[in-house]
Amino acid sequence: MVGMQIGLIGSGNMARAMVRGWGEPVLCTDFLPERAHALAAEVGGEAVASNAALAERADLVILCHKPPQLRDVALEVAPHAKAVASILGGVPLADLQAAYPDAAVHRFLPSTPVEVRQGVVIHALGGSEDDAVLQLFARLGTLVSLPEGQVDVAMGLMSNAPAYWALLAEAQIDAGIRRGIPADQAAALVVQTMAGTAALLQERDFDTLAVRREVTSPGGSTARGLDALERGGVRSAFSDAIDAVLGGR
């Protein structure tokens with residue numbers, strides 16, 4: 001972000017996650033002024049009085065507001081914006097470009113772990129391709145560029161996934177607690193195992209089958225546990241979750 005003034009319109013959860021990941025001051029606004037002031041105080045940035053004033057000062061305006069506010073915000077911002085990056089779910093590039101016809105427009109969809117620079121950021125192809133903007137978002141984790149037609153499915157896999165993994169962790173922790181393991185120890189066992197497994201999958205080029213085979217002996221405890229999960233419909237549950245996400249758009 002050196003030399004680039006970033007301005008965020010909207011100071012909610014994802015805006016905070018990105019700013020914490022970057023770890024540098026930004027300009028920000030929000031329809032709840034106290035939320036913008038809190039974010040600015042946290043990162044040493046500045047809560048700006050209006051969206052238009054922010055756009056006049058920012059090299060890159062990042063849209064973090066609610067998707068239905070697109071047109072109203074654009075009326076204030078478009079006359080002043082040089083470049084715009086949107087993280088608005090369900091708002092395609094065509095709508096963004098129509099709202100900001102004179103600005104370079106980018107579309108990204110980040111996941112919550114960008115806060116610790118371990119997120120995934122989807123970049124929709126077809127918009128502007130400014131290297132400085134791409135590098136900015138790549139600092140938050142792994143940047144994956146996809147045709148826009150695949151973005152919603154990718155979002156179903158990625159941006160909602162932290163809640164799914166948290167639910168899986170919660171279920172395993174609860175199972176351990178019910179069988180006598182103290183809560184803090186059960187949580188440490190489960191969460192560190194999840195983190196280690198993710199690292200192992202990366203090391204093995206995401207070969208999930210190979211990793212499963214390494215820890216699954218025929219007829220052993222892991223095989224019995226996997227069989228119970230398959231009988232419980234774990235695969236169809238994840239597929240149904242993605243269908244539910246896409247169907248709600």
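The backbone N, Cα and C atoms fix where each Cβ goes, glycine too.
According to TrEMBL, the protein has these features:
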- I9, G10, S11, G12, N13, M14: NADP(+) binding site (BINDING)
- N51: NADPH binding site (BINDING)
- 5-87: domain 'Pyrroline-5-carboxylate reductase catalytic N-terminal' (DOMAIN)
- 148-245: domain 'Pyrroline-5-carboxylate reductase dimerisation' (DOMAIN)
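The structure, with features from TrEMBL marked on it.
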residue : record               : Cβ contacts under 8 Å, 6 or more apart
I9      : NADP(+) binding site : C28, T29, D30, N51, L54, V61, I62, L63, C64, H65, V73, V77
G10     : NADP(+) binding site : T29, D30, L63, C64, H65, K66
S11     : NADP(+) binding site : C28, T29, D30, L32, R35, A36, A38, L39, A47, C64
G12     : NADP(+) binding site : D30, R35, C64
N13     : NADP(+) binding site : T112
M14     : NADP(+) binding site : C64, I87, P110, T112
CB-centroid shell, 8 A cutoff, NADP(+) site I9, G10, S11, G12, N13, M14, site residues removed: L8, A15, R16, D30, R35, C64, H65
Within the domain 'Pyrroline-5-carboxylate reductase catalytic N-terminal' (5-87), residues counted as helix, strand or coil by DSSP: 39 helix, 17 strand, 27 coil
Average model confidence [pLDDT] within the domain 'Pyrroline-5-carboxylate reductase catalytic N-terminal' (5-87): 96
Composition by DSSP (helix, strand, coil) of residues within the domain 'Pyrroline-5-carboxylate reductase dimerisation' (148-245): 81 helix, 0 strand, 17 coil
